[in-house]
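Summarising the annotation, Swiss-Prot assigns NAD(+) binding site to 76-87, 273-285. If you look up Swiss-Prot, you'll see ARG94, ARG104, ARG130, ASP215 marked as substrate binding site, on the strength of sequence analysis. What Swiss-Prot lists as Mg(2+) binding site is ASP215, ASP239, ASP243, and the listing cites sequence analysis. Taken from Swiss-Prot, the feature site 'Important for catalysis' covers TYR137, LYS183.
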Amino acid sequence: MEKRIVCLAGDGVGPEVMESAKEVLHMVERLYGHHFHLQDEHFGGVAIDLTGQPLPQRTLAACLASDAVLLGAVGGPRWDGAKERPEKGLLALRKGLGVFANVRPVTVESATAHLSPLKKADEIDFVVVRELTGGIYFSYPKERTDEVATDTLTYHRHEIERIVSCAFQLASKRKKKVTSIDKANVLESSKLWRIVTEEVALRYPDVELEHILVDAAAMELIRNPGRFDVIVTENLFGDILSDEASVLAGSLGMLPSASHAEKGPSLYEPIHGSAPDIAGKNKANPIAMMRSVAMMLGQSFGLTREGCAIEEAISAVLKSGKCTADIGGTETTTSFTKAVMQEMEEQALVGRGR
């Protein structure tokens with residue numbers, strides 16, 4: 001297989017974890033005979049320094065012409081006083097790509113379950129599917145005076161249907177359960193959300209559907225996270241709940257994410273920030289970035305075997321006791337990456353010997 005991938009290293013630790021992603025992709029090429037054209041483009045703060053814009057037209061054009069986009073990290077205090085904020089580039093990139101579904105898997109490795117703030121953390125394995133383009137962040141009118149401020153929460157039927165369909169498609173390949181989170185006891189938008197969700201569910205008779213109000217869902221994520229398989233919710237609720245859920249893994253350096261469009265390339269990135277305090281020190285945890293690569297291989301390219309090989313190698317290295325400082329170890333970004341690559345190679349040799 002031959003694919004073109006645009007690499008947006010971005011800011012802070014972004015270039016370091018992006019290098020890990022590239023090395024893992026090169027290992028996949030070598031072990032499985034694929035070829036990936038990796039194209040570096042400027043994005044975020046570094047793009048502001050060079051062009052005055054966080055998302056140059058050249059970068060967006062390259063992303064639109066690609067098969068997938070990998071993003072390292074964006075932002076940092078260096079640009080706090082800048083006319084353009086690096087984070088604006090991320091919003092513009094999402095809009096330019098037309099991505100509407102943010103997918104965040106939340107899993108806890110048995111080797112790192114002790115880092116989670118919860119007991120029985122090794123039972124956690126669910127996915128949050130968040131709608132990205134509608135809701136209160138993007139609805140109008142928005143206005144503010146000294147005395148009153150107004151935001152508008154609007155959802156159209158087609159926006160709800162496509163995000164809920166995405167969740168059901170994902171659940172049909174997992175444990176076959178969708179939890180839809182809303183505030184249908186108060187909000188008209190949530191009432192429509194629930195109606196449309198019920199209609200979509202009829203097309204997936206083998207997938208269980210449950211509805212939970214957002215306040216109860218926030219409690220259940222802490223009290224009983226093992227009950228969830230695929231969570232689907234609107235933009236604001238998803239923003240809050242996905243961040244709450246990410247804490248369960250014990251480190252932001254562990255979790256990947258994907259943002260999908262109806263057509264065109266998807267965007268893959270770790271959920272952690274740019275971590276400017278450790279940038280350039282070879283201390284960043286590359287796991288979330290490598291898992292983002294694994295998601296890309298499976299979800300955009302259909303290379304499920306190759307994506308699983310990366311995940312299995314990461315798990316094996318963690319079980320061996322090797323990990324970076326954020327999860328209690330002494331490995332560097334580069335040494336952990338090398339350990340994962342070596343494990344991938346060894347597992348491939350074992351597989352061929354069977």
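Using the three backbone atoms N, Cα and C, a Cβ is placed for every residue, glycine included.
Quantities reported herein were computed from a predicted structural model and do not represent experimental measurements.
If you take the C-beta of ARG130 (substrate binding site) and look for same-chain residues 6 or more apart in sequence within under 8 angstroms, you find ALA101, ASN102, VAL103, ARG104, VAL232, THR233, GLU234, ASN235, GLY238, ASP239, LEU241, SER242.
Cα of GLU84 (NAD(+) binding site) to Cα of ARG94 (substrate binding site): a span of 17 Å.
Neighbour counts of Cβ atoms within 10 Å were compared for the recorded positions ARG94, ARG104, LYS183, LYS281, and the top value is held by ARG104. The recorded positions near ASP215 (substrate binding site), taking a 10 angstroms Cα-Cα threshold over the set ASP80, LYS183, GLY273, ASP277, ASN285, are LYS183.
Across the structure, GLY273 (NAD(+) binding site) and TYR137 (site 'Important for catalysis') are spaced 21 Å apart at their Cα atoms. ASP277 (NAD(+) binding site) falls outside any helix or strand according to DSSP and counts as coil. Cβ neighbour counts within 10 Å, taken over all protein chains shown, single out GLY76 as the most crowded of the binding-site residues GLY76, GLY273. Note on ASP239 (Mg(2+) binding site): other Cβ atoms within 10 Å of its Cβ, all shown chains, come to 17. There are 11 other Cβ atoms within 10 Å of the Cβ belonging to ASP277 (NAD(+) binding site). In the three-state DSSP scheme, ASP243 (Mg(2+) binding site) is classed as helix. Note: the CA-CA distance between TYR137 (site 'Important for catalysis') and ASP80 (NAD(+) binding site) rounds to 22 Å. For the pair ASP80 (NAD(+) binding site) and ARG94 (substrate binding site), the Cα-Cα distance reads 22 Å. Counting other Cβ atoms within 10 Å of each Cβ, the binding-site residues ASP80, GLU84, ASP215, ASP243 show the lowest value at ASP80.
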